[in-house]
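Participant: Relevant sequence annotations retrieved from TrEMBL are reproduced here:
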{"type": "TRANSMEM", "residues": "24-51", "note": "transmembrane segment"}
{"type": "DOMAIN", "residues": "43-294", "note": "domain 'G-protein coupled receptors family 1 profile'"}
{"type": "TRANSMEM", "residues": "63-91", "note": "transmembrane segment"}
{"type": "TRANSMEM", "residues": "103-122", "note": "transmembrane segment"}
{"type": "TRANSMEM", "residues": "143-163", "note": "transmembrane segment"}
{"type": "TRANSMEM", "residues": "199-223", "note": "transmembrane segment"}
{"type": "TRANSMEM", "residues": "244-267", "note": "transmembrane segment"}
{"type": "TRANSMEM", "residues": "273-294", "note": "transmembrane segment"}
Amino acid sequence: MSFILMSNLSTSRFVLTGFPGMEVYYLLFAIPFSTIYAMVFLGNCMVLHVIRTEPSLHQPMFYFLAMLALTDLCMGLSTVHTVLGILWGFIQDISLDACIAQSYFIHGLSFMESSVLLSMSFDRYIAICNPLRYSSILTNDKILKIGVFILCRSSLLISPAIIRLKFLNYCQPHFLSHSFCLHQDLIRMACSDIRFNSFYALALVICTLLLDAVLILASYVMILHTVLSIASREERIKSLQTCVSHISAVLVFYIPIIGLTMVHRFGKHLSPLVHVLMGNIYILFPPLMNPIIYSIKTQQIRVRIQRLFSLNET
C-alpha cells in the first residue's frame with residue numbers, strides 16, 4: 001500500500017501558471033522573455049570569462065563577483081525550461097519530482113546569492129576599514145573556504161524542508177502560482193501536516209536572508225563611520241564609489257524578495273497576474289541587472305569588456 005501511495009505521489013502532475021487571462025499573447029511574450037534569458041546567460045558568462053582570462057582581476061573582490069555571476073547563471077538555468085516552455089507552448093505541467101528539484105535549486109540559489117552578497121560586503125569592509133591587512137586577511141585559501149562554506153550552507157540547510165515535500169499528500173487542486181515551483185506553493189496544496197515545513201522555512205529565512213541583510217547593513221554602518229573620518233573629501237567619495245556596485249546588487253536582490261513576500265502574505269486579493277509578475281521579477285531581475293551594474297559601475301570590468309569587444313571587431 002505504501003509503495004502504491006509513493007508511486008501515485010511521484011507521478012503527480014502540477015499545472016504551471018503562465019500569465020492568467022493573457023494566453024493569446026504568449027508568443028508575443030516569448031520573444032522578450034527569450035531575450036531576457038539570453039542577456040542573463042551572455043552577461044554572466046561574459047563577466048566570468050573576463051575575470052578568468054584577465055590576471056589583473058584575480059583579486060578577492062572579483063572572485064566574489066565571479067561567485068555572484070555563477071549563482072545568477074545557475075538561477076537562469078534552473079527556470080528557463082519552464083518559463084519559456086509555457087510561453088512557447090512546449091509544456092503546461094510538471095511532475096512532482098521535477099517540481100521539487102526546481103524548488104530546491106531556486107531557494108538554494110537564493111540563499112547562495114544572499115551569502116555571496118554578505119561576503120562581498122565583508123570584502124568592502126576590510127578594503128576600506130582595514131586596507132593594510134586586506135591581502136593578508138582575504139587570501140586565496142580564505143576565499144576558497146568561504147566559497148565552500150557558502151555552497152554547504154545554501155545546499156544543506158534547505159534540504160530538510162525540500163525532502164519533506166516528497167512525503168506530503170497533495171489533495172488540493174494542482175495549480176501552481178507561477179511558471180516555476182516554489183516551496184510555499186507546494187505546501188499550500190498539501191493536506192498533510194505542514195507545520196515542520198512552515199516553521200523550518202520561516203526559521204531558515206530568518207537565519208539566512210534576514211541575518212545576512214542585518215550583517216550587510218551593519219558592515220555599511222561601520223564603512224560609513226570609517227569613511228566619514230577621512231579628512232579628504234575626494235578620498236571619501238573615492239572610497240564610497242567602490243561600494244556603489246555592491247549596494248546596487250544588494251537592492252536588486254532584496255527588493256524583489258520583499259515584494260514577492262508581501263504579495264504572497266498580504267496580496268491574496270490581488271490579481272493572479274500580479275503574483276506571476278512579481279515571481280518573474282524575483283527570478284530574473286537580479287541575474288539580468290548584476291552584470292549590467294558591474295559592467296557600468298566597476299571600471300576594471302568595464303575596461304576589460306570594452307577591450308574584449310574591440311578585439312572581436314578587429
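Cβ from N, Cα, C; glycine included.
Because the structure is a prediction, the values reported are computed rather than measured.
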Participant: Would you say the transmembrane segment (143-163) and the transmembrane segment (63-91) are in contact under the rule of three or more C-beta pairs closer than 8 Å, pairs 6 or more apart in sequence?
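Facilitator: Touching, yes - the transmembrane segment (63-91) and the transmembrane segment (143-163) meet the threshold of 3 or more Cβ pairs under 8 Å.
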Participant: What stretch in 24-51, 103-122, 143-163, 244-267, 273-294 has the biggest tally of Cβ pairs under 8 Å against the transmembrane segment (199-223)?
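Facilitator: Result: 103-122.
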Participant: Could you tell me what the rest of the chain brings near the transmembrane segment (143-163), counting residues at least six beyond its ends with Cβ under 8 Å?
Facilitator: 60, 63-64, 67, 100, 103-104, 107-109, 111-112, 115-116, 119, 183, 196-197, 200-201, 204, 207-208
Participant: Can you work out the mean pLDDT of the predicted model over the domain 'G-protein coupled receptors family 1 profile' (43-294)?
Facilitator: 91
